[in-house]
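See structure below.
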Amino acid sequence: EENGHQNKRLKSDADEEDAEDQNKKLPKRKIVLLMAYSGKGYHGMQRNVGSSQFKTIEDDLVSALVQSGCIPENHGEDMKKMSFQRCARTDKGVSAAGQIVSLKVRLIDDILEKINNHLPSHIRILGLKRVTGGFNSKNKCDARTYSYMLPTFAFAHKDHDVQEELYRLDRETLERVNKLLACYKGTHNFHNFTSQKGPRDPSAKRYIMEMYCGEPFVRENVEFAVIQVKGQSFMMHQIRKMIGLVIAIVKGYAAESIMERSWGEEKVDVPKAPGLGLVLEKVHFEKYNRRFGNDGLHEPLEWTEEEEKIAVFKEQYIYPTIINTEREEKSMANWLNTLPIHDFNSSAIEMQTNNKDSK
């Protein structure tokens with residue numbers, strides 16, 4: 001009996017080795033993977049090799065790619081070897097419903113199933129497409145759509161005493177929110193909406209295609225709304241600051257004129273809304289699709305067939321995480337309490353002068 005067990009074990013080891021040898025013979029192909037994940041508990045998307053205490057989404061992804069036999073182990077340590085590129089570096093705690101990564105893999109049988117078997121349930125690969133050899137998901141992406149889900153009591157005026165669970169957004173306030181969000185459309189200098197960029201840095205100029213807040217809905221007795229924003233590309237914390245500033249205006253902490261001022265050269269104090277509600281919804285490859293989408297060899301990078309899977313994933317993992325975390329940790333409510341600390345009136349020069357005077 002012992003020998004029987006041993007023979008079985010040796011046979012399964014041999015089968016695994018055969019599969020590994022087969023994998024090694026497979027040619028490597030450039031593909032894109034459509035990913036969805038809940039970002040809670042992760043320090044963003046991008047892997048920081050050598051800093052294992054800050055776990056990222058890519059740590060789990062690379063581990064699954066190695067374990068499934070798609071990539072050799074040394075490619076996991078040096079991601080350049082597989083030409084890995086993510087479309088967007090989502091920040092700490094931010095989720096995604098339509099992240100795209102490009103990389104070279106061995107096209108093994110049942111590849112999606114095998115990768116997903118080695119991933120936690122809150123990270124899924126929902127689709128795969130072959131792309132041109134020189135494809136780079138970051139450079140070829142011509143727009144990104146994000147959503148931001150927030151409890152609507154965030155828009156209640158500061159002078160009104162509000163019970164969070166009872167608050168419902170009225171039509172007039174929603175229209176005002178949308179009027180302010182629409183101001184962001186077009187090209188503006190967003191140096192005040194990120195750190196590390198000066199007012200004359202050309203890369204602080206960004207183009208926003210659309211931004212609006214949808215109809216509110218109630219979940220677990222709390223009313224929520226979702227803001228959508230589509231832009232060519234975004235800088236670190238930019239969307240959270242764009243939303244933070246609109247909240248500050250609607251709540252009555254800042255004048256509407258602060259928006260125009262924030263695009264000028266002076267430093268303006270722009271509050272940054274919590275990361276919890278932010279989701280990378282979709283990435284757009286319009287130029288690539290026009291050129292290669294119907295060339296007979298490649299498919300357009302559109303994911304209509306996967307839309308249902310994306311919707312199910314959001315309902316199962318992304319929305320419940322945002323709603324439950326908001327209820328338990330009160331991230332929006334706690335952040336709203338910090339708004340009075342901000343100085344929305346004076347410019348940086350005045351603030352420096354005041355500081356000198358007080359010294």
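Note that Cβ sites are derived from N, Cα and C of the backbone, with glycine treated the same way.
Under the heading active site, nucleophile, TrEMBL lists ASP91. Residues or ranges marked as substrate binding site in TrEMBL: TYR146. Marked as domain 'Pseudouridine synthase I TruA alpha/beta' by TrEMBL: 184-286. The annotation region 'Disordered' is assigned in TrEMBL to 1-24.
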Q) Which residues does ASP91 (active site, nucleophile) neighbour through Cβ under 8 Å, counting only same-chain ones at least six apart? A) GLY44, MET236, HIS237, GLY275, LEU278
Q.
Averaging the per-residue pLDDT over the domain 'Pseudouridine synthase I TruA alpha/beta' (184-286), what integer do you get?
A. 95
Q) So how many of the residues in the domain 'Pseudouridine synthase I TruA alpha/beta' (184-286) end up helix, strand or coil by DSSP? A) 25 helix, 33 strand, 45 coil
Q. Within 10 Å of the Cβ of TYR146 (substrate binding site), how many other Cβ atoms can be counted across all chains shown?
A. 24
